[in-house]
Structure formats: structure tokens, C-alpha cells
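S.K.: Pasting a structure here, questions to come.
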């Protein structure tokens with residue numbers, strides 16, 4: 001019982017500062033939400049003048065200019081463009097008498113332009129650029145440490161802590177890997193709109209996954225690192241075994257739930273026009289004042305379960321996690337096992353937070369999610385596990401642990417058989 005009480009105290013000491021500083025910085029930023037604007041509905045009738053159309057729907061001049069390029073359509077008559085009816089303007093644009101379908105097309109175009117304008121205006125572009133620059137630097141450092149075999153327990157914890165505060169507390173909930181997938185689906189389903197900057201972000205994130213196994217999820221996602229940090233509160237000082245209990249979810253179960261969640265997101269967005277994640281979005285932990293009762297309850301459950309299950313959001317619900325899992329099967333840099341050095345001691349499988357190392361040892365063709373935490377590399381007494389490009393790459397080898405428990409690094413040729 002004392003172990004669990006101590007665990008809860010430690011959890012509170014980790015979460016409260018995150019909530020406090022996140023809300024403080026969120027308020028200092030004027031509580032500007034990065035969330036997408038709501039559904040835009042446009043009213044229009046064929047006999048309305050352009051002035052009435054603009055006034056009724058609060059359409060600014062720049063949007064009007066894109067809907068009706070005045071210079072191209074002004075026929076030189078004495079009637080001002082703004083006082084012409086929508087039917088006249090559409091006829092001038094198409095050269096034919098405007099019908100109901102043309103009016104509906106106008107409504108859709110106006111709604112999309114207004115939405116895109118509001119969506120773009122809701123973003124703090126300077127902060128987003130800074131965040132991507134920081135991501136590039138931070139991920140590069142983590143990748144280098146992983147490839148050198150230098151990721152150790154204390155360093156890993158420090159990087160998780162720094163990543164949570166930099167990418168979540170300071171730079172905010174948005175953008176995030178999850179948002180690039182979920183928001184894109186919801187936006188397309190509810191508005192029929194593709195927001196180009198979000199697609200660019202998605203491609204950049206996916207590129208990082210292809211280059212190195214789940215790199216953005218492992219060392220860039222603010223919520224992912226927070227869950228990882230919480231999970232390791234319930235591990236011993238060497239990050240090998242649980243202090244109390246921890247569970248590995250069967251991959252078939254977790255991936256089935258994740259696929260069903262993804263399917264539900266798509267179905268509700270396209271057929272009901274609803275974002276089912278918005279109310280319970282766990283990234284709101286970095287802007288806690290926006291949480292409502294249901295969202296707070298879900299977030300609390302997620303945080304608590306992170307002590308006992310590794311990255312529950314990532315494994316069970318995250319749409320980017322699902323997309324990233326597909327791409328990581330082809331990742332260029334990933335965990336590889338040197339079969340010539342492996343002594344089949346099982347240390348990597350026992351210390352791995354998930355079942356993925358068992359899959360690597362069985363040489364399964366399709367492997368579960370690997371979040372490239374580096375625990376398997378750290379605990380391997382033979383130096384048989386590496387995070388590398390291919391079987392011809394040199395790696396750092398760790399000699400079997402001696403009687404004092406210390407491990408010695410030495411250089412070794414990489415011309416050995418490694419699991420691909």
C-alpha cells in the first residue's frame with residue numbers, strides 16, 4: 001500500500017507543475033486557441049445584392065474579391081458592383097443564367113474561403129515555425145544519442161522532461177502529430193476542405209517516422225513524452241522492472257481498438273459532421289482551462305493509467321499512432337538485433353515497456369509499435385541491440401556486465417549479421 005501511496009504522490013508532483021505552468025503560459029498568451037473554427041454556414045438568395053450578402057454573412061473585402069473579381073466582371077454600367085444582385089454577378093461570371101446549383105456552389109465557396117481565413121488566423125505562425133525548428137534540433141540530438149547507444153535512464157528521463165516542457169508547456173498543444181491526422185479528417189469531413197499547412201506538417205512528421213522508427217512520437221510528441229515520463233515513475237531506478245505492477249497490452253487488442261477509434265473518427269466526421277475527439281482531447285492538458293468535465297475525467301483516467309500501461313493514448317486511440325505504425329514497418333533507422341552477439345538472455349524483452357522486443361526476437365514480419373526509447377539497448381549485456389541503418393553499419397558494443405554491475409563500451413566492426 002505504501003508503494004502505491006508513494007507512487008501517487010510522485011505522480012501529483014509531476015502533473016501539477018505541468019498543469020500550472022501550462023495554464024500560466026496559456027493565459028499570458030491571451031488564451032488564443034489554436035483550435036479550428038466551427039462550421040461556417042452561409043445564407044444567400046439570388047435576388048440579394050452583394051452588399052446584403054456580405055453584410056448578412058459578415059464577409060470581409062478580401063473574401064468578396066476572391067468570390068467576385070470586380071475588375072474582371074465590371075461591364076461599365078452605372079450600377080455599382082456592390083448593388084448588383086447575386087444572380088446578375090453569377091451570370092456575368094459564367095455567361096449563363098444562374099440557377100439553384102450556382103447559388104449552392106456560391107454558398108460552399110464562401111463558406112470554405114471564410115473557414116480557411118479563420119483557420120489561418122487562429123494560428124500563431126511565428127510560434128509554429130519556432131516549434132518546428134526546435135523539433136528538428138531536439139529530434140536530431142535524440143537520434144544521434146540513440147544511434148551511438150548513449151541513451152541511458154537518467155538522460156532519457158531528462159530528455160522527456162525537457163521535451164514535455166518545451167513542446168507542450170511552453171510551445172503549446174498545437175501543432176501535434178495527432179492533430180495533423182485528426183483535424184485533417186474532421187476538416188475534410190465537415191467542411192470538405194484541405195488545409196495545406198496541416199498537410200505539410202503531416203508529411204514532415206511522417207518523413208521523420210520513415211527516417212527513424214517513430215522518431216516524432218518518441219521524442220517530439222508532447223503528450224507521448226508525458227505519458228512515457230509518467231510510466232517510468234513506476235519503474236525502478238535502473239528502468240528495468242515495475243515498482244508495483246505494469247501491463248503489456250496484447251498488440252492485437254490495442255491495434256484493434258485503435259483501428260476502431262480511427263474508423264469512428266472518420267465516420268462521425270463524414271456522416272455526422274462531428275469531431276468526437278475534440279471534447280476529450282488529451283492535448284488540452286497543456287491548456288487545462290479549456291477542459292470540460294468529460295474531458296477532465298478522460299484526461300485524469302489517461303494520466304493514471306499511464307503509470308501501469310505504456311503510452312495508452314498512443315496504443316489505443318491516436319490516429320497518428322496508427323498511421324505511424326504502418327510507416328514504421330519500413331523505417332530506415334530502427335532497432336536491430338545482432339544475432340552473432342545475442343546470448344538469448346531475455347533482458348531486452350523483460351525491460352521493454354511493450355511486446356515489441358519479443359517480436360524482434362521472433363523476427364516477426366509485422367511488428368508492434370516501437371517507440372524507440374532505447375531501454376533494450378541499455379540493458380543488453382552483450383551489446384547485441386542497436387538503433388542503426390543496416391547490417392553493415394558499425395555499432396557500439398557493450399561487453400557482458402561484470403561482477404560489479406558495470407558495463408564497458410568498446411568499438412566493434414559492424415560487418416556482422418543483424419536482424420533487418
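Glycine is treated like the rest: Cβ placed from N, Cα and C.
Predicted, not measured: the structure shown is a model, and the values here were computed from it.
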S.K.: Can you say which of 79-102, 103-126, 247-270, 319-342 is given as transmembrane segment in TrEMBL?
M.R.: 247-270
S.K.: Do you know which of 128-146, 356-374, 375-393, 394-412 TrEMBL annotates as transmembrane segment?
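M.R.: Checking TrEMBL against the ranges 128-146, 356-374, 375-393, 394-412, the transmembrane segment one is 128-146.
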S.K.: Look over the recorded stretches 128-146, 199-226, 247-270, 290-310 and say which has the most C-beta pairs under 8 A to the transmembrane segment (158-179).
M.R.: 199-226
S.K.: Which value does the mean pLDDT take for the domain '4Fe-4S ferredoxin-type' (333-363) in this predicted structure?
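M.R.: Averaged over the domain '4Fe-4S ferredoxin-type' (333-363), per-residue pLDDT gives 94.
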